[in-house]
Amino acid sequence: MTTDRMKPKPGLPVAVLLAGLSIGFFVVVALATGETAQLSGQGIAGLLQRMVALGLVAIGQTFVILVGSIDLSVAALISAVAVLASHVMQGDPAMLLPAVLLCLGLCAAVGFVNGALVAYGGINPLIATLGTGLVIQGVLAASFGALQGSVAREFQIIAYGGVLGVPYSLLLLAALSLAAAFVLDRTLFGARIYAVGGNPDGARLAGIRTERVILSAHMVASFFAGAAGLYLAARLQSGTPWIGRDGIYDLESIAVTVIGGTILAGGKGGVAGTLAGVLLFASLDAGFNMLGIDAFLKQVLRGAIVIAAVAVHAVRTKGHVA
Amino acid sequence: MTLRTLLATTVALTFVGQALAQDFNDPAEFKKQREQLSMTPQGPEDQPWAQHLGDGMADTAKYKKEGQVTLCFSNAGVFNPWRVVGLNNLNAEAELHKDRLKELIVVDAEGKDDKQISDIEALVSGGKCDALIVSPNTTAALTPAVEAACAKLPVIVFDRGVNTSCPVTYIHPVGGYGFGITSGEFIASKLKKGDNVLALRIMPGVDVLETRYSAAKNIFDEAGINVVGSEFTGSDRAKTKSAVEDYINRGEKIDAVWMDAGDTATAALEAFEDAGLPYPVISGEDQQDFLRKWQSEKLTAIGPAYPTYQWRTAIIAALDVLDGKQVPGPEWVLPQPAITEDVLTKYIDERMPPLHYSLCGCQELPGYPERWGGKE
Amino acid sequence: MTTVPQSSPSRRQAARITVNSGLVIFVALYAVIAFLQPNYLEPGLFMNFLRRAAPLVILSCGQLYVILTGGFDLSMGAVATLVVLAASILINGDPETTWAVIGALYAMGIAVGLVNGLVVAFLKVPSIIATLGTMLLVNGLALAWSGGAARGDLPDNFRNLGRLVWRNVPVIGTLPLAALVLTGFVALAWFGLNATVYGKRALAVGDNPRAAELAGTPVAATRILAFVVSAVSAATAGILLGGFSGVSVNAGEGLELQAIAACVIGGAQLLGGRGSVWSAVFGALSLFALFTLLNLLGLPQALRDSIQGLILIAAVGASMWGNRRRT
Amino acid sequence: MTAVPALSMTGISKAFPGVRALDDVDFECLPGEVHAICGENGAGKSTLMKILGGSYKPDAGAIHLAGKAVQFTHPRQAAEAGIAIIHQELSLLPHRTVEENIFMGHELARRGILDKVAMRERAAELLRRVGAQIDPQAPVSSLSIALQQVVEIAKALLLDARILVMDEPTAALDERDSRTLLKLVDGLRGEGVSIVYISHRMPEVTAIADRITILKDGRKIWTRPRDAAPISEIVRAMVGRDLKDFYPAVPVSPADEVLLAIEGGMNAGLRDVAFNVRAGEILGVAGLEDSGKGALAQALVGDVPFTSGTVALRGQPIALRTPRQATAAGIGYLPGDRKREGLALRQSVRDNALLTLRSMTGLFTRPQRGALAHDAMDERLRAMDVRAADFGQEVGTLSGGNQQKAIIVRWLAQASDILVFVEPTRGIDIAAKAAIYETMRAFTGSGRGIVVVSSDMPELIGIADRVLVMHQGRISGVVRRGASEEDIMHLALGLADAPSAEAGA
């Protein structure tokens, strides 16, 4: 215990710092390339819209990482939800609600299986969720021929509609972020998540049913992945079995969560940092576009930035990291 | 053997979707493309990228713009060699028009629909673009974004299409059925009834690839040729070679290999070499490595193409539109030739890298061959 | 030394025969394969099986080093891709340069391994994130260098490493060169873990890095070396892959997760402290046998992913139950 | 004793595969009583308490709380029944605040929404009750171990526990903090709380307990009121025999050669430290928690190195910047926290003992030869009387004493000149303690030296030839063998004059 005693760090919280840097980068690039239109309300809305899908997944990922687990199945689940939503709706607005409910049911089931494997089965979460992800991906690709369809026009309002120039999708992200932050900070469930992630044995001895908390966190992650899937279905009109995988939502959501200061061991971090991490990725996307950096170089830079961003706060860690 | 079938059916039956509907078998489209294959193209000879099939023209007077212009291109990505060659074509074509073109802004979506939608929105709201070229990652997904862009500026779409007629024109070669027809008919002509063909495919669910297979399959079925298997290889050479080896190891007799894309054709042929078997009849594509192998090993082969020169056409069309010239529309259908034994030598260029697409129409473009990775 | 009378409490039990769980799974799967397709029992087909499994087995051995020390290496696939593309560009069809270039390829691999190791050991970035970063970085570099598509050419002497098969070999009939490379690499990996003190250091570091450090173990060096071994294995696998099937930009795609899965199926414990070379070898052979079996069954490709997922969970679940019962 | 016991456990039995952990044990505790349980490790104390806490289910027997029969299947039920257990291993959340820790698992909430205001008030009130000056908003990781222990007690009080189980609560505390804690226990007793007190520190037990129960090998030996249980009786009952010479005899004349010399040692926790360790000497280091005694040990082994000053071994200056350098120089370390810092728990006993040898030899050394051979190490382990069915078994399955011996073997094999022991007998039973003291003496007998840092003052007085006393990062004085606890305490509290002339002598 004496070894990891750390004085609280002075200075700005990770989230504020990271968000500031991201916005700074975006503004500087826009000015330097003369793309000042990107600094207009519409441009900023466009920048923020790049956050929505990854942001939703990453908030869910934050819950599981905080509780000391991890979820690699989100990418496959996103695809599954998007495909299911468009298949059930078949463009018919009357099927909107049933489709959404069915998708949420699927998320509940996947989250439950993940959580049960991890919490009750004692299977390493990386392996358990990698496994469920593969299962979902396989079933999805195999049955894709039969699962064609597209979502209702009305449903696409989520992705394309807005009020006073603010897209609904941003409002959705904001609302769900606030809700998630509220849950983590102000509710019993949130406190239990930090307890189980910070010290599982201690939490159990304090009478917390740790398995249930882990299971619930996995269900939350699945619901957020589902929300991302529904948003993508609305934005893309119909789901394909590859949108989750092509978006690399599994690894990217983990990366932004860790960049945002949530530690992989669990018990420390939060939604604000994660959103700042997502903002960093969105600014990089938008900035690299303005700079006209080619796709391969972009990948190199992104890799270097992921390492650097995590190293900035990890390097102060006392003790060992593997 | 019975156990095997039993196991396979049990698993397959658990998933309802399995054997159900194929949306990619449209007899009308099949017929149309078959006709287009034999049509004589209009336009300048020896410049297939500037030719078109059919008569429709789109009027573009309202888009006329004087002086230097900025073109914007939203690319789905450069995630395969075909797109790499294509993007080089597009950039090189742009260089030909330096006097007219102030800037070409290229934005890469890395194969993500969501990102491409944002990219298009940012290009349109950025206000720099005079015309927008889009190579959509997915047809349905990009439709709303393209529709929104059409309201602001002229849009040209190529390769995969969108579900809207708002773009000025949609550039594409004859299409997937055409590709399948060319290759399927060639193989059918070389095989006897009851012979076996192995189909090697990249991945399921992509319309431009599914149509290739459904066309070829129709032809094989008609000719009484037995499709012993259809394997997805993900464009991975190792997977391709392993898949073929598995069939060989199982003792299947393979008379022909049909491929929906030729980038792993030489890997498939190597499996036969390594097993000490004669080469099968094969349909590949217009990649250099396949053509060279074809020549050196005297294969019975055909190289249908989905020509990369359409990337040149996109720039030409965009500039024509801004000039107010009429362009073929609402679809600009490019001829889709196939490489046959007669013309094989013409398409082989030893300087070019193995996965260079010979029907790039780029031999005269600035920077050839280095820009495409070739040797001086 | 003590007042307590010397008893001899350490009754040496008869050397406990611990059967590797991966071996059991492998034998079972291969038996099913042989039942469905009896010619897989012929030495020739078995050798061919080994040839194709060789890259995965080698990757798994490298990954195992990192897993033992408590980390992950997600950059292996990218390194394999880099090696294939670089080989083709650098050799460019000239057989004279092959061996020099192979040296250069290993130098590249070692460089990536060093970066991974240094970032994890000194910047304290968790390996899953650090190697995710290098995965993106190395993949991007490889693509940028090659321009996004295969360039150059691989001459036959390079290709032979993954492709050459000697026929009419006594007893076994055919002998692929790749099988020899495989045997050699596994022997080296075994040597590193069992015939030097490194293996036990790595296990201690994976189990409790703090205790190992205080006992004088060079923790950072142990970790860095693990990442270097992993990268070297990725380079070796890349060379075999390039040899087996030639140049392509996705030669190494997804191999890192397969390698991790293989180690776990073979009984190595994620986050360190438990595992042996045989976990990697038999885990990888099991996984490859599973792929082969699913191919033989002629299942739709997509469902093979699903079954792989189920097997993965089942294998780890089973070993969990085993551990629980033992303690 | 006619009152209804607050807790009564009757006929409790529990078996694990191959081990009979508890055999028909009875135990009771009255309201307002402190009832101590003593026993060697493995005697069954922890198992009994885990059954009480709901972590284990007994195979047989019954538990009654205030006369009512209860059965627990999850720790939560035990907590709800008014049983609070303060564990040896702290169960706090380092990244969370004191307040959040106090309420862990029992947050005040309305419809799932936390009532932070009420929690803050309640936390402040509880901290006042335990007499601690702790900011409820401070992160736990910023508190000393002693204060963390206080937070643990506040956690227990929150539940209004009627039965409080304290498992080695003072193990990590120094003398002063221990006294504060005992005062707190006394206060709780006055409030009618029943306290089950587990400790290896005999003086503490006889000072605080009303009754004492001895467990041995899973059976109850006896329960007696304090007055009828002198320390010697307790020890005999626990060990099953007399331990006359608890501390080994002192050699007649320790050699005078200086082994290790520190001059002007400074770092964040140490100020101008200077002292010698002589060949054949056991040098004790005493001090309060945060006095710098821990920092001194960490500096000597290169874990948190000196930032200035000189260190010389046998007259040769050496650098101690990393544990590896210290190891190479011949300084070995037995950390205070065996599980976190000493052992790789899933590796075998043999591998743990071989760890340093293997770490310090060349990378390509064959692990099967010479000193690294299994037989050679097994020989050493047997010589140290490490008891294990098989040295190939996981070290985590051994008792604390045997684990500690395995670590000592590690350093003996490395032929270190100086060993730094931190709390060498924390949580170790009496027989193993005696064996470890013997080993220490035998080690120094061959002309080598030991620095032993301990919070257990009788231990220091009994084993050390000299004791350095630290206060606020400085050496506040040195006492020789035969000094009293009061002398040391005086220096530790900083009441004596600045560093005495003894220092460095």
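From the backbone N, Cα and C atoms, a Cβ is placed for every residue, glycine too.
Just so it is clear, the model here is predicted, and its values are computed rather than measured.
Annotation comment: TrEMBL describes C:17-37, C:49-68, C:74-92, C:99-122, C:128-150, C:171-193, C:224-247, C:277-299 as transmembrane segment.
When Cβ distances are compared across the two stretches, the transmembrane segment (C:49-68) makes contact with the transmembrane segment (C:171-193), since 3 or more pairs at least 6 residues apart fall below 8 angstroms. Beyond the ends of the transmembrane segment (C:224-247), by six or more residues, the same chain brings 51-52, 54-56, 58-59, 61-63, 65-66, 68-69, 71, 73, 75-77, 79-85, 87-88, 102, 105-106, 108-110, 112-114, 116-118, 120-121, 127, 150-154, 158-163, 178, 181, 185, 189, 192, 198, 202, 255 to within a C-beta distance below 8 angstroms of the stretch. Counted over residue pairs separated by six or more positions, the transmembrane segment (C:171-193) shares at least 3 Cβ pairs under 8 angstroms with the transmembrane segment (C:277-299), which defines the two as touching.
Against the transmembrane segment (C:17-37), the recorded stretches C:99-122, C:128-150, C:277-299 differ in Cβ pairs under 8 Å, and the greatest number is found for C:277-299. Sequence-distant residue pairs (6 or more apart) of the transmembrane segment (C:128-150) and the transmembrane segment (C:99-122) include at least 3 whose Cβ atoms are under 8 Å, placing the two stretches in contact. Below 8 angstroms of C-beta separation, residues 20, 22-23, 25-26, 29-30, 32-33, 36-37, 49, 52-53, 56-57, 59-61, 63-64, 186, 189-190, 193-194, 258-259, 261-268, 307-308, 311 of the same chain, each at least six residues beyond the ends of the transmembrane segment (C:277-299), sit close to that stretch.
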